[in-house]
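Participant: As annotated in Swiss-Prot:
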{"type": "TRANSIT", "residues": "1-61", "note": "transit peptide"}
{"type": "BINDING", "residues": "74-98", "note": "NADP(+) binding site"}
{"type": "BINDING", "residues": "Ser207", "note": "substrate binding site"}
Amino acid sequence: MVLDMASHLYTNPPQNLHFISSSSSLKPHLCLSFKRINPKHKSSSSSVFVPYASQSSIAITSKERWSLNGMSALVTGGTRGIGRAIVEELAGLGAEVHTCARNEYELENCLSDWNRSGFRVAGSVCDVSDRSQREALMETVSSVFEGKLHILVNNVGTNIRKPMVEFTAGEFSTLMSTNFESVFHLCQLAYPLLRESKAGSVVFISSVSGFVSLKNMSVQSSTKGAINQLTRSLACEWAKDNIRINAVAPWYIKTSMVEQVLSNKEYLEEVYSVTPLGRLGEPREVSSAVAFLCLPASSYITGQILCVDGGMSINGFFPRHD
């Protein structure tokens, strides 16, 4: 349809629409001329140059738009919960994945499971809160993927629940280094590899706590708010390199990380009461959102934070019972 319309315009140009020559591969170009009306001054004309869509961008098939075949991915913290679901989602869509975890035994078990499932997944031991280990991880990834990386999923995160005034310096440092400093540094390290891929995608795992107030989570929510703003800033800064930056912000998801707090039935009922869908989320419901943001089908989406929260973050006062 786009090609037909362009052909029609080229052969039957309406008034104020002109084609101009160009040495660019994106040609012909459209030159839209229009007049600014100013009652106090003589009218003047301006031009807007609109690059004509390339044949290759139109020719991509539907199957390719929803596939990660030929792409490489790094997922941090990929042996449990949301991280494991992300690894399996990306690998299932055809990506070659490298993941990391602190627990070597746990990592080896996961790698065995993935190998039996036919997934192309490798892994290495890494504590991403440690700067030198992050550097070693990215050296490994660069070697495995020959200097290119299409997808970076910064999944690792932790939480300490307590009133802000009770935080020790060590606890504050732990949350900041694990939740924010690690993702910031990994992005710095991954940038040359993402740029080399010509179509990079970074996805941060944020949280609804970056949008709304949650009890005893002032420090954790600060790290997630920082991630949300980093998402927006990097999306603009790295757009010139065709690297997209997005984030996914979950609410309570059924993982081992929240088992203890949700073992309190009264607390669980309160969680349900502020969640319009009235249930907890599943790791797969987060991983599918992450995968979408990595697919060619989402190639015009950047700088966005996608809430996977059953409607919690937009719920004002909408009681489940009248």
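Note that Cβ sites are derived from N, Cα and C of the backbone, with glycine treated the same way.
Just tell me what is around each of these and how deep it sits.
Facilitator: Around Gly78 (NADP(+) binding site), the same-chain residues six or more apart in sequence whose CB sits under 8 Å from its CB are Arg84, Ile86, Val87, Val97, Thr99, Cys100, Ala101, Cys110, Gly123, Asn155, listed in sequence order. Gly78 (NADP(+) binding site) falls within neither a helix nor a strand when secondary structure is assigned with DSSP, and so counts as coil.
In the three-state DSSP scheme, Ser207 (substrate binding site) falls into the coil class.
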Participant: Under DSSP, is His98 (NADP(+) binding site) part of a helix or a strand, or is it coil?
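Facilitator: SS state of His98 (NADP(+) binding site) = strand.
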Participant: Rounded to an integer, what is the Cα-Cα distance in Å between Gly94 (NADP(+) binding site) and Ser207 (substrate binding site)?
Facilitator: 27
Participant: Reduced to three states, what secondary structure does DSSP give Ile86 (NADP(+) binding site)?
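Facilitator: Going by the DSSP assignment, Ile86 (NADP(+) binding site) falls within a helical segment, counted as helix.
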